[in-house]
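Listed in TrEMBL:
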- 24-324: domain 'Aminoacyl-transfer RNA synthetases class-II family profile' (DOMAIN)
- GLU82, GLY83, THR84, ARG114, GLN128, GLU132, ARG257, TYR261, TYR262: L-histidine binding site (BINDING)
Amino acid sequence: MSTFSAPKGTYDLLPPDSATFLAVREAISAPLKRSGYGYVETPGFEQVELFSRGVGESTDIVTKEMYTLTTKGGDQLALRPEGTASVLRAALQANLHKAGVLPVKLWYSGSYYRYERPQAGRYRHFSQVGAEAIGAEDPALDAELIILAVDAYTSLGLSNFRLLLNSLGDKVCRPVYRAALQDFLRALDLDEETRRRIEINPLRVLDDKREAVQKQLAGAPLIADHLCEACKAYHEQVRELLTAAGVRYEDDPKLVRGLDYYTRTTFEFVHDGLGSQSAVGGGGRYDGLSEMIGGPALPSVGWALGVDRTVLALKAEGIELELPPATQVFAVPLGEEARRVLFATVTELRRAGIAADFAFGGKGLKNAMKSANRSGARFAVIAGERDLTEGVVQLKNLESGEQIPVALDTVVAELQAKLA
Ligand code: HAM
(Lines of atoms letter the chains of each structure in order from A and count residues from 1; the text may use other names and numbers.)
(Lines give C-alpha, C1' and ligand atoms only; values in the text may rest on other atoms or scores of the structure.)
Protein backbone atom coordinates (compact mmCIF):
# COMPACT_ATOMS: atom_id res chain seq x y z
CA MET A 1 0.00 0.00 0.00
CA SER A 2 1.35 3.41 -0.93
CA THR A 3 0.78 6.63 1.00
CA PHE A 4 -1.30 7.78 -1.97
CA SER A 5 -4.55 6.67 -3.53
CA ALA A 6 -6.39 7.66 -6.73
CA PRO A 7 -8.12 11.07 -6.39
CA LYS A 8 -11.76 11.16 -5.30
CA GLY A 9 -14.14 10.27 -8.11
CA THR A 10 -11.50 8.39 -10.12
CA TYR A 11 -10.42 4.78 -10.33
CA ASP A 12 -7.58 2.78 -11.83
CA LEU A 13 -8.11 0.36 -14.65
CA LEU A 14 -6.22 -2.83 -13.93
CA PRO A 15 -5.93 -6.29 -15.48
CA PRO A 16 -7.99 -8.36 -16.00
CA ASP A 17 -10.90 -5.80 -16.06
CA SER A 18 -8.91 -3.38 -18.20
CA ALA A 19 -9.10 -5.88 -21.09
CA THR A 20 -12.90 -5.52 -21.12
CA PHE A 21 -12.49 -1.75 -21.17
CA LEU A 22 -10.21 -1.91 -24.22
CA ALA A 23 -12.59 -4.31 -25.96
CA VAL A 24 -15.50 -1.92 -25.39
CA ARG A 25 -13.53 0.97 -26.91
CA GLU A 26 -12.72 -1.28 -29.85
CA ALA A 27 -16.35 -2.40 -30.27
CA ILE A 28 -17.65 1.18 -30.24
CA SER A 29 -15.07 2.39 -32.75
CA ALA A 30 -15.32 -0.59 -35.13
CA PRO A 31 -18.61 0.46 -36.81
CA LEU A 32 -17.26 4.02 -37.19
CA LYS A 33 -14.03 2.84 -38.82
CA ARG A 34 -15.98 1.00 -41.50
CA SER A 35 -18.25 4.00 -42.14
CA GLY A 36 -15.73 6.58 -43.26
CA TYR A 37 -14.85 8.13 -39.90
CA GLY A 38 -11.16 9.03 -39.47
CA TYR A 39 -9.40 9.08 -36.11
CA VAL A 40 -8.77 12.44 -34.45
CA GLU A 41 -6.89 13.18 -31.25
CA THR A 42 -6.89 16.59 -29.56
CA PRO A 43 -5.12 17.84 -26.41
CA GLY A 44 -6.51 16.99 -22.98
CA PHE A 45 -6.90 20.70 -22.25
CA GLU A 46 -8.12 23.71 -24.22
CA GLN A 47 -8.75 27.39 -23.62
CA VAL A 48 -11.55 27.79 -21.06
CA GLU A 49 -13.45 30.00 -23.46
CA LEU A 50 -13.82 27.27 -26.07
CA PHE A 51 -16.04 25.39 -23.63
CA SER A 52 -17.80 28.37 -22.05
CA ARG A 53 -18.80 29.59 -25.52
CA GLY A 54 -19.33 26.15 -27.03
CA VAL A 55 -20.92 24.07 -24.28
CA GLY A 56 -22.73 27.11 -22.83
CA GLU A 57 -22.19 29.72 -20.07
CA SER A 58 -25.26 28.56 -18.16
CA THR A 59 -24.67 24.80 -18.21
CA ASP A 60 -23.66 22.85 -15.10
CA ILE A 61 -20.63 21.61 -17.04
CA VAL A 62 -19.27 25.14 -17.46
CA THR A 63 -20.46 26.78 -14.24
CA LYS A 64 -19.72 23.98 -11.79
CA GLU A 65 -17.83 21.10 -13.31
CA MET A 66 -14.79 22.34 -15.22
CA TYR A 67 -11.27 21.77 -13.95
CA THR A 68 -9.71 25.11 -14.79
CA LEU A 69 -6.16 26.30 -14.32
CA THR A 70 -4.00 29.31 -15.04
CA THR A 71 -0.65 28.42 -16.58
CA LYS A 72 2.62 30.03 -15.55
CA GLY A 73 2.29 32.05 -18.77
CA GLY A 74 -1.14 33.33 -17.71
CA ASP A 75 -3.30 31.23 -20.08
CA GLN A 76 -6.70 30.14 -18.78
CA LEU A 77 -7.09 26.46 -19.60
CA ALA A 78 -9.62 23.77 -18.76
CA LEU A 79 -9.28 20.00 -18.75
CA ARG A 80 -11.71 18.96 -21.47
CA PRO A 81 -15.17 18.13 -20.06
CA GLU A 82 -16.35 16.79 -23.45
CA GLY A 83 -15.04 16.24 -26.96
CA THR A 84 -17.28 18.01 -29.46
CA ALA A 85 -16.01 21.57 -29.03
CA SER A 86 -12.38 20.40 -29.21
CA VAL A 87 -12.90 18.25 -32.31
CA LEU A 88 -14.71 21.05 -34.13
CA ARG A 89 -11.99 23.50 -33.08
CA ALA A 90 -9.33 21.13 -34.46
CA ALA A 91 -11.20 20.62 -37.74
CA LEU A 92 -11.62 24.38 -38.21
CA GLN A 93 -8.00 25.10 -37.29
CA ALA A 94 -6.76 22.60 -39.89
CA ASN A 95 -9.32 23.81 -42.46
CA LEU A 96 -10.55 20.24 -42.92
CA HIS A 97 -13.90 21.64 -44.01
CA LYS A 98 -12.19 23.33 -46.97
CA ALA A 99 -9.86 20.50 -47.88
CA GLY A 100 -12.24 17.82 -49.07
CA VAL A 101 -15.79 16.68 -49.36
CA LEU A 102 -18.26 17.44 -46.62
CA PRO A 103 -19.13 16.09 -44.17
CA VAL A 104 -15.78 15.71 -42.44
CA LYS A 105 -16.30 12.52 -40.41
CA LEU A 106 -14.14 12.03 -37.33
CA TRP A 107 -14.04 9.68 -34.35
CA TYR A 108 -12.14 9.92 -31.08
CA SER A 109 -11.50 8.10 -27.84
CA GLY A 110 -10.13 9.52 -24.64
CA SER A 111 -10.37 10.82 -21.10
CA TYR A 112 -12.74 13.59 -20.03
CA TYR A 113 -12.95 15.46 -16.74
CA ARG A 114 -15.92 16.85 -14.83
CA TYR A 115 -15.94 17.95 -11.22
CA GLU A 116 -19.19 16.14 -10.42
CA ARG A 117 -20.45 14.63 -7.19
CA PRO A 118 -19.08 11.08 -7.49
CA GLN A 119 -21.48 8.15 -7.29
CA ALA A 120 -21.91 4.78 -8.96
CA GLY A 121 -21.40 5.37 -12.70
CA ARG A 122 -20.49 9.05 -12.26
CA TYR A 123 -16.79 9.86 -12.11
CA ARG A 124 -14.59 12.91 -12.26
CA HIS A 125 -12.40 11.21 -14.83
CA PHE A 126 -14.19 9.08 -17.40
CA SER A 127 -13.79 7.74 -20.93
CA GLN A 128 -15.76 8.38 -24.06
CA VAL A 129 -15.62 7.16 -27.62
CA GLY A 130 -17.22 9.78 -29.83
CA ALA A 131 -17.99 10.63 -33.43
CA GLU A 132 -18.65 13.92 -35.19
CA ALA A 133 -19.87 14.49 -38.76
CA ILE A 134 -19.09 18.11 -39.59
CA GLY A 135 -20.52 20.27 -42.34
CA ALA A 136 -23.65 18.59 -43.65
CA GLU A 137 -27.34 18.93 -42.99
CA ASP A 138 -28.85 15.62 -43.96
CA PRO A 139 -31.25 13.48 -41.92
CA ALA A 140 -29.42 10.40 -43.23
CA LEU A 141 -26.31 11.55 -41.37
CA ASP A 142 -28.20 11.82 -38.06
CA ALA A 143 -29.66 8.37 -38.75
CA GLU A 144 -26.26 6.94 -39.70
CA LEU A 145 -24.73 7.98 -36.40
CA ILE A 146 -27.60 6.65 -34.31
CA ILE A 147 -27.54 3.33 -36.21
CA LEU A 148 -23.76 3.02 -35.67
CA ALA A 149 -24.21 3.50 -31.92
CA VAL A 150 -26.97 0.89 -31.83
CA ASP A 151 -24.74 -1.49 -33.83
CA ALA A 152 -21.89 -0.91 -31.37
CA TYR A 153 -24.03 -1.75 -28.33
CA THR A 154 -25.55 -4.73 -30.11
CA SER A 155 -22.14 -6.09 -31.12
CA LEU A 156 -21.27 -6.15 -27.42
CA GLY A 157 -24.34 -8.26 -26.75
CA LEU A 158 -26.26 -5.51 -24.97
CA SER A 159 -30.03 -5.54 -25.26
CA ASN A 160 -31.39 -3.73 -22.21
CA PHE A 161 -30.89 -0.22 -23.60
CA ARG A 162 -33.36 2.29 -25.03
CA LEU A 163 -32.98 5.17 -27.46
CA LEU A 164 -34.73 8.41 -26.48
CA LEU A 165 -35.26 10.81 -29.37
CA ASN A 166 -36.28 14.45 -29.62
CA SER A 167 -35.90 17.50 -31.84
CA LEU A 168 -34.94 20.80 -30.26
CA GLY A 169 -35.86 22.89 -33.29
CA ASP A 170 -33.71 25.50 -34.99
CA LYS A 171 -33.14 29.23 -34.86
CA VAL A 172 -36.54 29.84 -36.42
CA CYS A 173 -38.81 27.86 -34.09
CA ARG A 174 -36.75 27.50 -30.90
CA PRO A 175 -37.03 31.19 -29.84
CA VAL A 176 -40.84 31.05 -30.21
CA TYR A 177 -40.98 27.90 -28.12
CA ARG A 178 -38.54 29.32 -25.60
CA ALA A 179 -40.79 32.34 -25.03
CA ALA A 180 -43.89 30.15 -24.64
CA LEU A 181 -42.06 27.93 -22.16
CA GLN A 182 -40.82 30.94 -20.19
CA ASP A 183 -44.39 32.27 -19.88
CA PHE A 184 -45.52 28.90 -18.53
CA LEU A 185 -42.58 28.53 -16.12
CA ARG A 186 -42.81 32.03 -14.69
CA ALA A 187 -46.27 31.20 -13.34
CA LEU A 188 -44.99 28.21 -11.32
CA ASP A 189 -43.93 28.03 -7.69
CA LEU A 190 -40.15 27.65 -8.02
CA ASP A 191 -37.05 28.52 -5.99
CA GLU A 192 -34.75 31.47 -6.74
CA GLU A 193 -32.11 29.51 -8.67
CA THR A 194 -34.69 27.84 -10.89
CA ARG A 195 -36.33 31.22 -11.51
CA ARG A 196 -32.97 32.53 -12.68
CA ARG A 197 -32.63 29.51 -14.95
CA ILE A 198 -36.01 30.33 -16.56
CA GLU A 199 -34.50 33.57 -17.82
CA ILE A 200 -31.15 32.17 -18.99
CA ASN A 201 -31.93 28.65 -20.12
CA PRO A 202 -35.60 27.68 -19.70
CA LEU A 203 -35.26 24.33 -21.52
CA ARG A 204 -32.95 23.10 -18.76
CA VAL A 205 -35.81 23.46 -16.27
CA LEU A 206 -37.59 20.62 -18.07
CA ASP A 207 -34.66 18.41 -17.06
CA ASP A 208 -35.05 19.18 -13.31
CA LYS A 209 -35.05 15.84 -11.51
CA ARG A 210 -36.92 17.00 -8.38
CA GLU A 211 -40.37 15.49 -8.00
CA ALA A 212 -41.97 18.74 -6.79
CA VAL A 213 -40.75 20.48 -9.94
CA GLN A 214 -41.64 17.62 -12.28
CA LYS A 215 -45.23 17.62 -10.93
CA GLN A 216 -45.64 21.28 -11.88
CA LEU A 217 -44.20 20.64 -15.34
CA ALA A 218 -47.04 18.29 -16.29
CA GLY A 219 -48.78 20.82 -18.58
CA ALA A 220 -45.63 22.50 -19.92
CA PRO A 221 -45.62 23.40 -23.62
CA LEU A 222 -43.58 20.89 -25.60
CA ILE A 223 -41.13 21.63 -28.38
CA ALA A 224 -42.76 18.95 -30.54
CA ASP A 225 -45.85 21.17 -30.79
CA HIS A 226 -43.77 24.23 -31.75
CA LEU A 227 -41.45 22.86 -34.45
CA CYS A 228 -41.42 24.80 -37.72
CA GLU A 229 -42.29 22.96 -40.93
CA ALA A 230 -38.62 22.47 -41.91
CA CYS A 231 -37.69 20.99 -38.51
CA LYS A 232 -40.78 18.79 -38.48
CA ALA A 233 -39.98 17.41 -41.93
CA TYR A 234 -36.32 16.88 -40.99
CA HIS A 235 -37.23 15.03 -37.82
CA GLU A 236 -39.75 12.87 -39.63
CA GLN A 237 -37.09 11.77 -42.10
CA VAL A 238 -34.69 10.83 -39.29
CA ARG A 239 -37.43 8.75 -37.69
CA GLU A 240 -38.31 7.04 -40.98
CA LEU A 241 -34.68 6.14 -41.66
CA LEU A 242 -34.30 4.71 -38.16
CA THR A 243 -37.45 2.66 -38.50
CA ALA A 244 -36.31 1.35 -41.90
CA ALA A 245 -33.03 0.25 -40.28
CA GLY A 246 -34.94 -1.63 -37.58
CA VAL A 247 -33.91 0.80 -34.85
CA ARG A 248 -36.51 1.29 -32.17
CA TYR A 249 -36.75 4.65 -30.44
CA GLU A 250 -38.97 6.39 -27.92
CA ASP A 251 -40.08 9.95 -28.56
CA ASP A 252 -39.09 11.96 -25.51
CA PRO A 253 -40.33 15.54 -25.93
CA LYS A 254 -38.66 16.59 -22.66
CA LEU A 255 -35.18 15.39 -23.61
CA VAL A 256 -33.00 18.51 -23.57
CA ARG A 257 -29.50 17.25 -22.62
CA GLY A 258 -26.93 19.11 -20.55
CA LEU A 259 -25.06 20.95 -23.29
CA ASP A 260 -26.36 24.12 -24.96
CA TYR A 261 -25.16 23.60 -28.53
CA TYR A 262 -27.89 21.23 -29.66
CA THR A 263 -30.33 22.00 -32.46
CA ARG A 264 -32.88 19.69 -34.09
CA THR A 265 -32.08 15.98 -33.52
CA THR A 266 -31.11 15.14 -29.95
CA PHE A 267 -30.91 11.67 -28.49
CA GLU A 268 -29.76 9.70 -25.51
CA PHE A 269 -29.17 6.01 -24.91
CA VAL A 270 -30.25 4.85 -21.47
CA HIS A 271 -29.60 1.47 -19.92
CA ASP A 272 -32.19 0.12 -17.53
CA GLY A 273 -29.75 -1.77 -15.30
CA LEU A 274 -27.72 1.23 -14.14
CA GLY A 275 -29.80 3.10 -11.57
CA SER A 276 -29.77 6.89 -11.61
CA GLN A 277 -26.73 7.30 -13.92
CA SER A 278 -28.49 5.48 -16.72
CA ALA A 279 -27.27 7.50 -19.73
CA VAL A 280 -24.72 5.34 -21.52
CA GLY A 281 -24.40 7.72 -24.45
CA GLY A 282 -25.88 10.76 -26.09
CA GLY A 283 -25.59 13.29 -28.83
CA GLY A 284 -27.34 15.29 -31.46
CA ARG A 285 -27.11 17.97 -34.07
CA TYR A 286 -25.26 21.21 -33.36
CA ASP A 287 -25.79 23.42 -36.39
CA GLY A 288 -24.71 26.66 -34.70
CA LEU A 289 -21.62 25.57 -32.77
CA SER A 290 -19.08 26.38 -35.47
CA GLU A 291 -20.25 29.99 -35.64
CA MET A 292 -20.32 30.17 -31.84
CA ILE A 293 -16.58 29.43 -31.77
CA GLY A 294 -15.68 31.78 -34.61
CA GLY A 295 -16.02 29.47 -37.64
CA PRO A 296 -18.27 29.52 -40.69
CA ALA A 297 -21.75 27.98 -40.74
CA LEU A 298 -21.15 24.22 -40.55
CA PRO A 299 -24.21 22.17 -39.59
CA SER A 300 -22.97 19.06 -37.79
CA VAL A 301 -24.07 16.07 -35.76
CA GLY A 302 -22.36 13.65 -33.39
CA TRP A 303 -22.44 11.53 -30.27
CA ALA A 304 -20.30 10.28 -27.45
CA LEU A 305 -20.75 6.97 -25.69
CA GLY A 306 -19.48 6.55 -22.13
CA VAL A 307 -17.03 3.66 -21.95
CA ASP A 308 -17.19 3.33 -18.13
CA ARG A 309 -20.98 3.09 -18.16
CA THR A 310 -21.00 0.70 -21.11
CA VAL A 311 -18.74 -1.62 -19.07
CA LEU A 312 -21.20 -1.29 -16.15
CA ALA A 313 -24.07 -2.09 -18.54
CA LEU A 314 -22.28 -5.30 -19.59
CA LYS A 315 -21.96 -6.27 -15.92
CA ALA A 316 -25.63 -5.43 -15.31
CA GLU A 317 -26.63 -7.78 -18.14
CA GLY A 318 -24.19 -10.47 -16.98
CA ILE A 319 -22.29 -10.34 -20.29
CA GLU A 320 -18.70 -11.58 -20.32
CA LEU A 321 -16.96 -10.63 -23.54
CA GLU A 322 -15.02 -13.34 -25.32
CA LEU A 323 -11.57 -11.84 -25.24
CA PRO A 324 -8.47 -13.25 -26.94
CA PRO A 325 -6.32 -15.00 -24.31
CA ALA A 326 -3.59 -12.79 -22.86
CA THR A 327 -1.21 -15.76 -22.97
CA GLN A 328 -1.45 -18.88 -25.15
CA VAL A 329 1.89 -20.50 -24.37
CA PHE A 330 3.94 -20.33 -21.18
CA ALA A 331 7.60 -21.37 -21.13
CA VAL A 332 9.09 -23.07 -18.08
CA PRO A 333 12.88 -23.51 -18.16
CA LEU A 334 14.67 -25.76 -15.69
CA GLY A 335 18.28 -24.63 -15.42
CA GLU A 336 20.49 -21.98 -17.01
CA GLU A 337 20.88 -23.54 -20.47
CA ALA A 338 17.10 -24.13 -20.76
CA ARG A 339 16.50 -20.51 -19.76
CA ARG A 340 18.60 -19.29 -22.66
CA VAL A 341 17.00 -21.71 -25.16
CA LEU A 342 13.36 -21.21 -24.09
CA PHE A 343 13.75 -17.43 -23.92
CA ALA A 344 14.68 -17.60 -27.63
CA THR A 345 11.69 -19.91 -28.28
CA VAL A 346 9.34 -17.40 -26.60
CA THR A 347 10.69 -14.59 -28.77
CA GLU A 348 10.18 -16.76 -31.86
CA LEU A 349 6.61 -17.65 -30.80
CA ARG A 350 5.76 -13.98 -30.29
CA ARG A 351 7.19 -13.07 -33.68
CA ALA A 352 5.00 -15.81 -35.15
CA GLY A 353 1.94 -14.08 -33.67
CA ILE A 354 1.45 -16.34 -30.65
CA ALA A 355 0.91 -14.74 -27.24
CA ALA A 356 3.69 -16.23 -25.14
CA ASP A 357 5.13 -15.62 -21.70
CA PHE A 358 8.05 -16.92 -19.69
CA ALA A 359 8.76 -17.95 -16.09
CA PHE A 360 10.89 -15.00 -15.08
CA GLY A 361 12.83 -14.72 -11.84
CA GLY A 362 14.44 -18.16 -11.78
CA LYS A 363 11.43 -19.93 -10.24
CA GLY A 364 11.48 -23.63 -9.34
CA LEU A 365 9.27 -26.05 -11.32
CA LYS A 366 6.35 -25.89 -8.88
CA ASN A 367 6.12 -22.09 -8.80
CA ALA A 368 6.74 -21.81 -12.53
CA MET A 369 3.86 -24.23 -13.25
CA LYS A 370 1.63 -22.21 -10.92
CA SER A 371 2.41 -19.11 -13.02
CA ALA A 372 1.74 -21.08 -16.21
CA ASN A 373 -1.70 -22.16 -14.94
CA ARG A 374 -2.56 -18.66 -13.71
CA SER A 375 -1.62 -17.11 -17.03
CA GLY A 376 -4.53 -18.86 -18.73
CA ALA A 377 -2.18 -20.39 -21.33
CA ARG A 378 -3.32 -23.54 -23.16
CA PHE A 379 0.19 -24.96 -23.43
CA ALA A 380 3.35 -24.99 -21.39
CA VAL A 381 6.72 -25.60 -22.99
CA ILE A 382 9.00 -27.19 -20.37
CA ALA A 383 12.65 -28.05 -20.82
CA GLY A 384 15.46 -29.32 -18.56
CA GLU A 385 19.05 -30.26 -19.31
CA ARG A 386 18.22 -33.84 -20.33
CA ASP A 387 15.55 -32.67 -22.82
CA LEU A 388 18.02 -30.29 -24.42
CA THR A 389 20.72 -32.94 -24.85
CA GLU A 390 18.04 -34.99 -26.69
CA GLY A 391 17.06 -31.91 -28.78
CA VAL A 392 13.47 -31.87 -27.43
CA VAL A 393 11.18 -29.85 -25.18
CA GLN A 394 8.14 -31.13 -23.27
CA LEU A 395 4.86 -29.76 -24.62
CA LYS A 396 2.21 -29.88 -21.93
CA ASN A 397 -1.48 -29.34 -22.67
CA LEU A 398 -2.55 -27.43 -19.56
CA GLU A 399 -6.22 -28.31 -20.02
CA SER A 400 -5.86 -32.09 -20.37
CA GLY A 401 -2.54 -32.48 -18.53
CA GLU A 402 -1.15 -34.54 -21.43
CA GLN A 403 2.59 -34.06 -21.98
CA ILE A 404 4.63 -35.08 -25.04
CA PRO A 405 8.22 -34.49 -26.16
CA VAL A 406 8.52 -32.36 -29.32
CA ALA A 407 11.70 -31.61 -31.30
CA LEU A 408 12.96 -28.16 -30.28
CA ASP A 409 13.27 -27.01 -33.89
CA THR A 410 9.63 -27.86 -34.71
CA VAL A 411 7.92 -26.64 -31.53
CA VAL A 412 6.94 -23.23 -32.93
CA ALA A 413 5.35 -24.77 -36.04
CA GLU A 414 3.66 -27.43 -33.89
CA LEU A 415 2.18 -24.80 -31.58
CA GLN A 416 1.06 -22.67 -34.53
CA ALA A 417 -0.83 -25.68 -35.89
CA LYS A 418 -2.36 -26.60 -32.53
CA LEU A 419 -3.49 -23.02 -31.81
CA ALA A 420 -4.78 -22.22 -35.30
P1 HAM B 1 -22.69 13.82 -22.65
O2 HAM B 1 -24.10 13.33 -22.63
O3 HAM B 1 -22.33 14.89 -21.70
O4 HAM B 1 -22.41 14.27 -24.13
O5 HAM B 1 -21.71 12.60 -22.42
C6 HAM B 1 -21.82 11.42 -23.19
C7 HAM B 1 -21.70 10.20 -22.31
O8 HAM B 1 -20.52 10.25 -21.53
C9 HAM B 1 -22.81 10.07 -21.27
O10 HAM B 1 -23.96 9.51 -21.83
C11 HAM B 1 -22.16 9.15 -20.25
O12 HAM B 1 -22.26 7.80 -20.66
C13 HAM B 1 -20.71 9.58 -20.29
N14 HAM B 1 -20.44 10.46 -19.15
C15 HAM B 1 -20.66 11.78 -19.07
N16 HAM B 1 -20.29 12.26 -17.85
C17 HAM B 1 -19.82 11.19 -17.14
C18 HAM B 1 -19.29 11.01 -15.82
N19 HAM B 1 -19.14 12.03 -14.98
N20 HAM B 1 -18.93 9.75 -15.44
C21 HAM B 1 -19.06 8.71 -16.29
N22 HAM B 1 -19.54 8.82 -17.54
C23 HAM B 1 -19.93 10.04 -17.97
C24 HAM B 1 -21.25 14.80 -24.58
O25 HAM B 1 -20.23 14.76 -23.96
C26 HAM B 1 -21.35 15.35 -25.99
N27 HAM B 1 -20.02 15.88 -26.35
C28 HAM B 1 -21.80 14.27 -26.95
C29 HAM B 1 -21.88 14.76 -28.37
C30 HAM B 1 -20.99 14.52 -29.36
N31 HAM B 1 -22.84 15.52 -28.88
C32 HAM B 1 -22.57 15.78 -30.14
N33 HAM B 1 -21.43 15.19 -30.43
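Backbone N, Cα and C atoms are what each Cβ position is placed from, and that goes for glycine too.
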Cα-Cα distance maximum in Å, computed over every pair in GLU82, GLY83, THR84, ARG114, GLN128, GLU132, ARG257, TYR261, TYR262 that the record assigns to L-histidine: 21
For THR84 (L-histidine binding site): intrachain residues, at least 6 apart, with Cβ closer than 8 Å: GLY54, GLY130, GLU132, LEU259, TYR261, TYR286, LEU289, GLY302, ALA304
Contacting binding-site residues, sequence order - GLU82, GLN128, TYR262 vs ligand 1, Cβ under 6 Å: GLU82, GLN128
Same chain, 6+ residues apart, C-beta under 8 Å of the C-beta of GLN128 (L-histidine binding site), given in sequence order: GLU82, GLY83, TYR108, SER109, GLY110, TYR112, ALA304, LEU305, GLY306, VAL307
Cβ-Cβ distance under 8 Å to ARG257 (L-histidine binding site), same chain, at least six residues away: ASP207, THR266, GLU268, GLY282, GLY284
Residues satisfying Cβ distance under 8 Å from TYR262 (L-histidine binding site), sequence separation of at least 6: LEU168, VAL256, GLY284, ARG285, TYR286
